[in-house]
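Read the structure below first, then the notes.
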Amino acid sequence: MNIFTFKDEEQFVQTGANLISALLHTNPRAKLGLATGSTPIGLYNKLIEMNRQGLVSFAQTTTYNLDEYVGLPENHPESYRAFMNEKLFNHVDINIENTHVPNGNAADPEEECRNYDNMLEQFGPVDLQLLGLGHNGHIGFNEPGESLNGGTHVVELQEKTRNANARFFPSLDDVPTHAITMGVATILKARQILLLVRGEDKAEAVKRALKGPITTDCPASLLQCHPNVVVLLDQGAGSLLV
Ligand code: F6R
């Protein structure tokens, strides 16, 4: 694992954007695995800026998002499809038909999971998977537990995760109870993983993920099994690493 800690937010964001743009310069058809949440927003803003300046192009890129809530209309502002359109896709030269987010409104969510995995199997693996980290060590919506699911699957969200995401909804009751998420095995198939973490409130999770035992109690600890992980931390997030 290559772990970098940044004092400066601009450097943190620029380093992530440079990694993605370098990949797209080498391989304009690269497949990107993308994440939502608050952490990658600065990175997406930077990529939009670089795209406007002609420094990076997404014209031939295909993207696969990690996850989506079950049961939120696609145009609901908090659906991950709406998030991605608003935070990135609508502002860069990507072909929207080449962007994929699991369909949280599929009539048969289990079938949607199988279809998503089949698509990744057929067209993947992704070249670079962007990840954020949950306070409980989750990646995607792979929550801690006695076991983990390898492939894309429907998951019941833990209270801690629903509480953390309640800030985006009028009330906790409005936060969906289920989501579709790529599984840990799907995530680990990516050629490279780029994990971004910000904030002192995530320092404990960072320590468990990067330095703790590999355990299903901390799904992100499985990243230690991957041969090509780059971790970008701000000072708060890295504060418990020695
Ligand atoms: C988002 C996702 C989640 C988030 C994580 C951190 O697609 O899969 O695992 O990356 O919950 O969220 P933020 O960045 O909001 O702290």
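Quick reminder: no glycine exception, Cβ is built from N, Cα and C everywhere.
Lifted from TrEMBL, the feature list:
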{"type": "ACT_SITE", "residues": "ASP67", "note": "active site, proton acceptor"}
{"type": "ACT_SITE", "residues": "ASN136", "note": "active site, for ring-opening step"}
{"type": "ACT_SITE", "residues": "HIS138", "note": "active site, proton acceptor"}
{"type": "ACT_SITE", "residues": "GLU143", "note": "active site, for ring-opening step"}
{"type": "DOMAIN", "residues": "13-226", "note": "domain 'Glucosamine/galactosamine-6-phosphate isomerase'"}
ASP67, ASN136, GLU143: which of these active-site residues put a Cβ within less than 6 Å of any ligand 1 atom?
ASP67
Chain-internal residues near ASN136 (active site, for ring-opening step), provided their CB is under 8 angstroms and they sit 6+ positions away
GLU143, PRO144, GLN158, LYS160, THR161, ALA205, CYS218
By the DSSP assignment reduced to helix, strand and coil, which category contains ASP67 (active site, proton acceptor)?
strand
Rounded Cα distance in angstrom between ASP67 (active site, proton acceptor) and HIS138 (active site, proton acceptor) is 12
Per DSSP (three-state), GLU143 (active site, for ring-opening step) is coil
Distant-in-sequence Cβ neighbours of HIS138 (active site, proton acceptor), under 8 Å, six or more positions away:
PRO144, THR161, PRO219, ALA220
